[in-house]
Amino acid sequence: MHREFASNSSCHIVIIGAGVAGLACARYLTHSLKNKSYKITILEARDRVGGRTLSIPELNLDLGASWIFSPHTAALSLVRELNIGTIDQYEDGISLMKSGSDVRRMHLGEIHNGAIRLKGGSGSLCATLLNELTTKNQTTVAVQLNSPVISITYETNQKINIELRDKKSIVGDYVVLALPPKLFISTIKITPQLPKSLIEELNDCDTWMASTCKAILQYERAWWKDQKLSGFAVSRQSNAQEWHDASSDTCNALFVFCLPGTTKQQVIDATVKIFGNEATIPTAVHMVDWSNERFTSGSTDHSFGGHAHASNICRQSQWNGRLWFGNSEVSNAHGGFIEGAVRRGAQVANQLTELIVGK
Ligand SMILES: Cc1cc2nc3c(=O)[nH]c(=O)nc-3n(C[C@H](O)[C@H](O)[C@H](O)COP(=O)(O)OP(=O)(O)OC[C@H]3O[C@@H](n4cnc5c(N)ncnc54)[C@H](O)[C@@H]3O)c2cc1C
């Protein structure tokens, strides 16, 4: 996927991370810098784009993020602009709460705040962005997979040297760090060092869901719907803790938020305990333990419960406007959500454009 650029390109923007934020930032830059001389390189550590969105597209299943909620207007508009289909989150019927040996049955009404899922899973957002970026902007945008960045050095000539794990390096004029702050602080050597107070603030930005394990149980039939159950259930007595319906016209499934380290059998056993014997034999079990994903979770991440509330200092650029923090966790609103990633991507693109065009 790596491509050389036309030699007359003048301004080189390097985006580190091809999750929602990095790809959205690149998209907005291609719009706002239209007719200007620029090139964008996106460096992605994994062998895929998407970051914390990871789907099984043909089954409309998500092993990472699932929902876009109704107040998430920036993400919803992007979904509409990209013409991606949506699926309403199913929640009709009775929900189950396990406490002690009892399973209580409750009518909870609206549980998911008008959440929708995406056709093809939330990964289709990044897949569509990638497709648009690489087909419509072939001469200006390059995406390099399998390219973990290990160091960034601001040189005296105002260029930034970005070193990859394979020791190759790239020189850029501007760098956008579109990966979780907690992760880049612990994995990328930044020279000259950032101010100590800024490092502390960035280190306080918990990476949303970095220590969650998500499982999906596929079944022949959506037996819970036959029993007038919503598929939503909660138990705090097992490693598997929270169930939601994940069905669509291509499969019947429940997904389950679990504690890190949970095994597939533990998920099945806990599901049987709360839903009954119909849950015993899933046709497939899919699982990702995000706490083991080294390009999401640092060793100090324990971020299940809270969203980052990054202070303004984390949104200020460094090195005279050359270095930007551009992922969901540093967004000024909806940090940690897909919404925060889209907003922060757009915000960095706008501010960078002002800087570049205003020169
Ligand atoms: C299980 C789970 C469930 C979730 N549920 C929801 C939900 O329902 N709704 C919602 O809105 N949000 C949800 N989220 C959060 C949502 O996924 C994130 O907010 C969003 O995807 C963040 O996008 P991002 O681009 O800011 O960061 P990321 O997706 O983390 O992207 C960062 C990218 O940087 C790359 N990278 C890391 N290190 C390097 C390096 N050294 N060099 C180069 N590249 C690097 C990574 O591989 C990754 O692709 C969930 C997350 C998880 C894990």
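Each residue, glycine too, has its Cβ placed from N, Cα and C.
Here TrEMBL flags Val149, Glu329 as FAD binding site. If you take the C-beta of Val149 (FAD binding site) and look for same-chain residues 6 or more apart in sequence within under 8 angstroms, you find Ile16, Leu43, Ala45, Ile162, Glu163, Leu164, Arg165, Ile188. Annotation note: Val149 (FAD binding site) sits in a strand segment as assigned by DSSP.
Mapped onto three states, the DSSP output places Phe257 (substrate binding site) in strand. Annotation comment: TrEMBL describes Phe257 as substrate binding site.
Under the heading domain 'Amine oxidase', TrEMBL lists 20-86 (among others).
The domain 'Amine oxidase' annotation in TrEMBL covers 107-352 (among others).
Annotation source TrEMBL lists transmembrane segment at 12-30.
Within the model, the domain 'Amine oxidase' (107-352) shows a mean pLDDT value of 94, rounded to a whole number.
If you take the Cα of Phe257 (substrate binding site) and the Cα of Glu329 (FAD binding site), they are about 21 angstrom apart, rounded to a whole number. For the binding-site residues given as Phe257, Glu329, the lowest number of other CB atoms within 10 Å of the residue's CB is seen at Phe257.
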